[in-house]
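Going by Swiss-Prot, these are the annotated features:
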BINDING   Gly7, Ile8, Asp9, Gly10, Ala11, Gly12, Lys13, Ser14  ATP binding site
Amino acid sequence: MLITLEGIDGAGKSTLYEGLKTRLQDLEPVFTKEPGSPLVNSAVRREIGANRDPFAEATLFVADHAAHLAQVVLPALEEKKLVISDRYSDSRFAYQQVSLIGIVPDPKAWLTAVHAGWSVRPDLTILLLISPETAMNRLHERPGKEHFEDPAFLEEVQKKYLERVTEDPERFLLIDAAQEPETILDFVEKSIRALPRQ
């Protein structure tokens, strides 16, 4: 079973991810994240920090996803393990669909085409929803800054996430990320434990 954690920067994905690592040890899940492939991840981070090209950045994220699937996700799923990933393909359909506007004619169609036939659909996606203003307040407390951290940009990204929900509603569990982290963790843990095991 593949479970993914999604949401805009500052929504609390990493906090939830780390909490689940502690809470779900008895299930022996494989915890992973994107970007995660060591070689591609370093290139992605360089691109984010440099004079970036959104198309090059998007292709690097797709390459990382391919490596992540081949090296981590598919082997674990073949062994019938529970896989929990901090970010996955929905991040591309949210972030890159916005960043590629004006660069490719139809960002959604391009992203759909490059993922078609090989990317694996998650069994459950936990989407943390929060106002961009609250997310920005949280991000300002973090060291470092990435170009994605802009309230107008984050608002558009969250809209793209919600479009994904409309297209595949049965896959998503929506969470109000303005709640206390422990409240969110309790609810998500119970939700995961209630899932039928494959």
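Every residue number used here counts from 1 along the chain in the order it is shown.
Including glycine, each Cβ sits where the backbone N, Cα and C put it.
Projection of Swiss-Prot feature records onto the structure.
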| residue | record | Cβ neighbours (10 Å) |
| --- | --- | --- |
| Gly7 | ATP binding site | 27 |
| Ile8 | ATP binding site | 30 |
| Asp9 | ATP binding site | 21 |
| Gly10 | ATP binding site | 26 |
| Ala11 | ATP binding site | 27 |
| Gly12 | ATP binding site | 22 |
| Lys13 | ATP binding site | 22 |
| Ser14 | ATP binding site | 15 |
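Apart from Gly7, Ile8, Asp9, Gly10, Ala11, Gly12, Lys13, Ser14, the ATP site neighbourhood in this chain, defined by C-beta within 8 angstroms of the site C-beta centre, holds Leu128, Ile130, Ala135, Arg138, Ala177. Secondary structure from DSSP puts Lys13 (ATP binding site) in a helix. In the three-state DSSP scheme, Gly7 (ATP binding site) falls into the strand class.
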